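In Swiss-Prot this protein carries:
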- Cys24, Cys27, Cys40, Cys43: Zn(2+) binding site (BINDING)
Amino acid sequence: MAKKSMIAKAKRKPKFKVRAYTRCRICGRPKSVYRDFGLCRICLRKMANEGLLPGVKKASW
């Protein structure tokens, strides 16, 4: 789990726009966040496997 102070800091509006960054909505992880879902790769995979993300399915070719 991400540090609570960093999550709170990320929620505040930054002084400059370029300082804003994405965090996972579930765990607060700052790296590897998919913009389409707002989730990190770990939470995205977990939710996709459980079938909680509509339209997402396991690849097979």
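Cβ coordinates are placed from backbone N, Cα and C, and glycine is handled just like the others.
On a predicted model such as this, the values are computed, not experimentally measured, just so you know.
Counting every protein chain shown, 14 other Cβ atoms lie within 10 Å of the Cβ of Cys27 (Zn(2+) binding site). With the fewest other Cβ atoms inside 10 Å of its Cβ, the least crowded of the binding-site residues Cys24, Cys40, Cys43 in this structure is Cys43.
Report note: the Zn(2+) site is defined by Cys24, Cys27, Cys40, Cys43, and the residues of the same chain whose CB lies within 8 Å of the CB centroid of those residues, excluding them, are Arg23, Arg25, Ile26, Gly28, Arg29, Val33, Leu39, Arg41, Ile42, Leu44. Annotation note: Cys24 (Zn(2+) binding site) sits in a coil segment as assigned by DSSP.
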